[in-house]
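To start, the structure under review is shown below, and the notes come after it.
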Amino acid sequence: MSTNVVILAAGKGTRMRSTLPKVLQPLAGRPLLGHVIETAKKIKADHIITIFGHGGDLVKSAFAHEDIQWVEQTEQLGTGHAVKVTLPVLPQDGISLILSGDVPCVQQETLQRLVDVSTTTGIGIVTLTLDDSTGYGRIVRDNGKIQAIVEHKDASEAQREIKEINTGIYCVSNAKLHEWLPKLSNDNAQGEYYLTDIVAMALADGLEIASIQPELAFEVEGVNDRVQLAALEREFQAHQAKNLMQQGVHLIDPNRFDLRGQLTVGQDVRIDINVIIEGECHFGDNVDIGAGCVIKNTTIAAGTKVQPYSIFDNAIVGEDVQIGPFARLRPGAELANEVHIGNFVEVKNSIVGLGSKANHFTYLGDAEIGAGSNIGAGTITCNYDGANKHKTIIGDNAFIGTNNSLVAPVKIGHGATTGAGSVITHDVADNSLAFERAKQVSKENYQRPQKTKK
């Protein structure tokens, strides 16, 4: 039996007050719709059909890399109409999970349970029990069996007292969708085609409506404005933080932690407050991340200590490395074991060898540095001539003096030393000393200029 996922993503999202379509608003660093698509892929859907409308070109462009069948809803005539426009591309056999692009946190396990309970009945829904169900469609039951879903505006006073609501997540036989959707009517208070009306059609066909509730309420929370988006962001981050702590991560304050991607960890990882992790990251055993760091698409090996406010982007860090505070690793930075990268040091597209150190105020760009070398404070690899980038190569056990400018392309040999304040423009041989500076001139009894009184 094939499994299809139909995602409703045509809404404008007026209350967002944004030129960006609602389903492209970010949650944990990813568009709302991106979360739903990722979950659809996890359940191994045979087809993902996404209904677009407002800002369709932007939406399709954002997911051009995904294997998605796009269907346009030119008029916003309700949820039933939205699913109806997919009928020309919806297979006749199998089942379809119907999801909303602005309900991003539904879990794979919840959808699998829904599929399991819906297989025999042909239709199932996800419901939720709330203390305050105002505004939601109510689940009307008789002797425990679902008899109807009534929208809030169409509900009687008695029905409005019901606490169980419809979340808008369905699993329906494709054959039944092809049968029921053409029969939908817009004879209701809103003048829209409600998808919920297929429940009455199912009951008329003698089918029982299966239902489940999510393990976590936030899974089925939708987003209509920025207040709701911010609230859901914190719930989602709290969920991710809890999962990491259950894996043994020591989060100093889980309320001040943001994961905007995927993080895998070893044992005894410690993460201080206000750390942001983006993309795909891995922290090995006993990694310690200081406060305020931003780490993106980076691997950090065991035993490494990162001081506060350091920034990583597509870097590879070895074992027992010391980094920061206020260090920056840009794309292509590769640090071997036991390297020291200190305060206000920037490394870009460079390899730093075993045990080498750049402890203060340094820029290393397009460089290769061997093992055991020391880079003095204020050293700059001058890698750009205004048109092209050039490489600096520093051998093993080299000593680069303070405030050096290494004008690439240039090679500093093994065991070589450069004097403080030098501008190195030529290669330096192994085990040699190179220095370049103007002769110091001293003038005794020098009188500084005096300010002229006005």
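Every residue gets a Cβ built from N, Cα and C, even glycine.
For 1-226, the entry in TrEMBL reads region 'Pyrophosphorylase'. As annotated by TrEMBL, domain 'MobA-like NTP transferase' applies to 5-134. Residues or ranges marked as UDP-N-acetyl-alpha-D-glucosamine binding site by TrEMBL: 8-11, Lys22, Gln73, 78-79, 100-102, Gly137, Glu151, Asn166, Asn224, Arg330, Lys348, Tyr363, Asn374. Summarising the annotation, TrEMBL assigns Mg(2+) binding site to Asp102, Asn224. What TrEMBL lists as region 'Linker' is 227-247. The annotation region 'N-acetyltransferase' is assigned in TrEMBL to 248-454. Taken from TrEMBL, the feature domain 'Mannose-1-phosphate guanyltransferase C-terminal' covers 261-354. The active site, proton acceptor annotation in TrEMBL covers His360. Feature annotation from TrEMBL assigns acetyl-CoA binding site to Ala377, Asn383, Tyr384, Ala420, Arg437.
Computed over the region 'N-acetyltransferase' (248-454), the whole-number mean pLDDT of the model equals 98. Mapped onto three states, the DSSP output places the residue listed as 'active site, proton acceptor' in strand. Neighbour counts were taken at the CB atom with a 10 A radius for the binding-site residues Asn224, Asn374, Asn383; the maximum falls on Asn383.
The shortest Cα-Cα distance between Gly101 (UDP-N-acetyl-alpha-D-glucosamine binding site) and any of the binding-site residues Ala377, Asn383, Ala420 is the one to Asn383. If you take the C-beta of Asp102 (Mg(2+) binding site) and look for same-chain residues 6 or more apart in sequence within under 8 angstroms, you find Ala9, Gly11, Gly13, Lys22, Val23, Leu32, Gly222, Val223, Asn224.
Checking each of the recorded positions Gly78, Arg330, His360 against Tyr384 (acetyl-CoA binding site) by C-alpha distance, the shortest gap belongs to Arg330. The most crowded of the binding-site residues listed here (Leu8, Ala377, Ala420) is Leu8, judged by how many other CB atoms sit within 10 Å of its own CB. Per Cα geometry, Asn374 is the residue among the binding-site residues Leu8, Gly78, Arg330, Asn374 nearest to Arg437 (acetyl-CoA binding site).
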